Amino acid sequence: MKVLWAALVVALLAGCWADVEPESPLEENLEPELEPKRELEQEVEPEAGWQAGQPWELALARFWDYLRWVQTLSDQVQEEVLSNQVTQELTTLMEETMKEIKAYRAELEEQLGPMASETQARVAKELQAAQARLRSDMEDVRTRLSQYRGEVQAMLGQSTEELRARFASHMRKLRKRVLRDAEDLQKRLAVYRAGVREGAERSVSTIRERLWPLLEQARTRHAKVDALATQPLRERVNALGQQLRGRLEEVGSRARSHLDEVREQMEEVQAKMEEQANQMRQQAEAFQARLKGWFEPLVEDMQRQWAVLVEKVQAAVGTSPTTPPVETK
């Protein structure tokens, strides 16, 4: 009976070593995973200067900052990832980002009075769709983290190299989607800015079209009065004409000043949004790089479990294994 138990233990050890040995080529398989990452880094490199400006951009930056904070965990990373705290915090930050985006969009809509109602409705619909896509991508990030938490719990004590490679690939795809939708949202906001500028220019043009005929009529009447009236009357008409011209010039100057101010504000908003897009790409790149450090404690724990298993088998059989186990990294 003892001989049968010994044979069974030896067979079990042989099967474990057979399962562990194929893990070494997995490290070579991970090398192709680095190529998409390098390509993605080249894609986002030109926009690495994103700076938060608007409230919704600051809220989105806080969403990525929290993910970066989670990545910096070392000894307690397993406990933090396996808890619900990360998912709850990401949900709160995501809702805050969506709230700020709605508030910023409402603020822009107040400035779209001169824009045609049909154009305004179309642009608002497109912006709402872009906002929904960004929200969906952020929810995918949260869902993927929850799914990964469950997979890690199910694979404790087993090799997680394949899980790490698959999770890294998913996060790269999610990052590309979030950055792409952020760009799309910027484009929609740019259309809003163009609408504000167009409305301001149309208002100035309307003022000119309405006042110019009045000015021409005043000049015509002034010429008739000069021909028929006496000198004092001509002086009074001249004074009135000069006063009218002064007022018209003042109105035109104010309109031009307002148009210049609106253009400056729109350029400032565009610059801030471009800076925010660059910052999101830089933060996403850092998040991808730091995710790889999450699995080191799991690998060390599996190595310790393997050593304990070998010691138990050696104690049961009374002999040491002829071939040492292959460590996974």
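Just so you know, the numbers here start at 1 and follow the chain as drawn.
Glycine too: its Cβ is placed from the backbone N, Cα and C atoms.
Per Swiss-Prot, the feature signal peptide maps to 1-18; the stated evidence is sequence analysis. Positions annotated as repeat '1' by Swiss-Prot: 92-113. The annotation region '8 X 22 AA approximate tandem repeats' is assigned in Swiss-Prot to 92-267. What Swiss-Prot records for 114-135 is repeat '2'. For 136-157, the entry in Swiss-Prot reads repeat '3'. If you look up Swiss-Prot, you'll see M155 marked as methionine sulfoxide, on the strength of similarity to another entry. The repeat '4' annotation in Swiss-Prot covers 158-179. Look at Swiss-Prot and you will find S159 tagged as phosphoserine. Annotation source Swiss-Prot lists heparin binding site at L174, R175, K176, R177, G241, Q242, Q243, L244, R245, G246, R247, L248. According to Swiss-Prot, the feature repeat '5' maps to 180-201. The feature repeat '6' is assigned by Swiss-Prot to 202-223. Per Swiss-Prot, region 'Lipid-binding and lipoprotein association' is recorded for 222-302, and the stated evidence type is similarity to another entry. Swiss-Prot lists 224-245 with the feature repeat '7'. According to Swiss-Prot, the feature repeat '8' maps to 246-267. Annotated region 'Homooligomerization' per Swiss-Prot: 278-329, in sequence order. Residues or ranges marked as region 'Specificity for association with VLDL' by Swiss-Prot on the basis of similarity to another entry: 290-302.
Helix, strand and coil content of the repeat '8' (246-267), in residues and according to DSSP, is 22 helix, 0 strand, 0 coil. Looking only at the binding-site residues K176, R245, R247, the densest Cβ neighbourhood within 10 Å occurs at K176.
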